[in-house]
């Protein structure tokens, strides 16, 4: 090994010694990391360095380090439209029948029923909270109509300790992990039971106990963050995977490129899960990209990729299960593109009738809904019937309404809490601001709805 390689190895070892998952890089580690640089860490692998030293002058094959390819003597550009589209993997047809028995996950009845109940409970919660926003009871909401299969199928394939980075339409992942309805409601109402203490707008859930990182609004910021978490898990030999959800619109953000490239070069155990639901707010996929969707981008980064039918909960489950197994065993990233359709409006601030037809929405709602497909499957196996359906619909609505009414009665957190949790110990400047707010409210309190807030 040459001197420069030895030096790089020494610096890498020094960084590894000072880095601990529990306390970060520390004062010594940060300067070392800056000295080495992210590119140096990413590209330096002793075994690769040794392999790249074998040059041959006996043939006329390309020796460029940037790609593995052959020379050609004809000028020819690669035409994107002559490359076949990546196929869509599915297990069930639209009537809920297994197409290829060898792909049947052979899940027990209890687990498949949990799939169905999680999906329908989410659907019921969506309807009630959407209407509550329309009535002015909460400020904002985003439904998950039509995408329930992507949430539940992927969540069921993960271990409970796998870390989840969501975008803002993955409530079903938390639902499957038995996140209480009361906490869903508390977050949307921003009341005293909200884990975030009322600081986030509705649907921005987070729960440390369920290993679900709090959602942030800016598009795609979670992608490089998730890669960093996966890299840390790899270094700590945590034997877990990180899954990062995003939409096809977020995949157009620069953070997606950065995340994909870092995950590939750092060989991180991460699953990139793209919900391609047809629209990024009002932008259709035909205006979002010109290539073959999102899965086609994976190979260009060196990421194993697959496209699945997102309305087939078993296809989503199988793909995520295998990606999880291999990501942990092989320390490499995977990209899953789940093809689905956003039946609801983008949010309560959107009217999708302005950019798509009612017939289009009705087709997906009536003809290819993930809940209907799974119900057909359950009924064909004798695991579900109309009476059970009727009873469960009534029971699930009652559960949601009870949590809803409980959340509505609770007070908002004390306004002074906006200054807490910023630092471990509140500095003098922040304490001064807190005291200033208290004086202001004491003087002008009659102008604020303080009766709705905890004292």
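The backbone N, Cα and C atoms fix where each Cβ goes, and this holds for glycine too.
Annotated thiamine diphosphate binding site per Swiss-Prot: 168, 169, 217, 249, 250, 275, 346, in sequence order, evidence recorded as similarity to another entry. What Swiss-Prot lists as K(+) binding site is 216, 218, 221, 222. Swiss-Prot lists 248, 277, 279 with the feature Mg(2+) binding site. Summarising the annotation, Swiss-Prot assigns phosphothreonine to 348. Annotation source Swiss-Prot lists N6-acetyllysine at 366. Taken from Swiss-Prot, the feature transit peptide covers 1-55.
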Next on the checklist: I need the neighbours of the Mg(2+) site defined by 248, 277, 279. Which other residues of that chain put their C-beta within 8 angstroms of the C-beta centroid, in sequence order?
Outcome noted: 247, 249, 275, 276, 278, 280, 284, 285, 288, 341, 342
Checklist entry - How big is the Cα-to-Cα gap, in Å, between residue 279 (Mg(2+) binding site) and residue 168 (thiamine diphosphate binding site)? => result 14
Checklist entry - Once the chains shown are all counted, how many other Cβ atoms turn up within 10 Å of the Cβ of residue 275 (thiamine diphosphate binding site)? => result 26
Next on the checklist: Distance check, please: Cα of residue 222 (K(+) binding site) against Cα of residue 346 (thiamine diphosphate binding site), rounded to an integer number of angstrom.
Outcome noted: 19
Item to check | Integer Cα-Cα distance in angstrom, the residue listed as 'phosphothreonine' to residue 169 (thiamine diphosphate binding site) | outcome: 13
Next on the checklist: With DSSP assignments reduced to helix, strand and coil, which class does residue 250 (thiamine diphosphate binding site) get?
Outcome noted: helix
Checklist outcome for this item: By the 10 Å Cβ-neighbour count, the most surrounded of the binding-site residues 218, 249 is 249
Checklist outcome for this item: Closest by Cα to residue 217 (thiamine diphosphate binding site), out of the recorded positions 248, 277, 366, is 248
Checklist entry - With every protein chain in view, how many other Cβ atoms are within 10 Å of the Cβ of residue 250 (thiamine diphosphate binding site)? => result 23
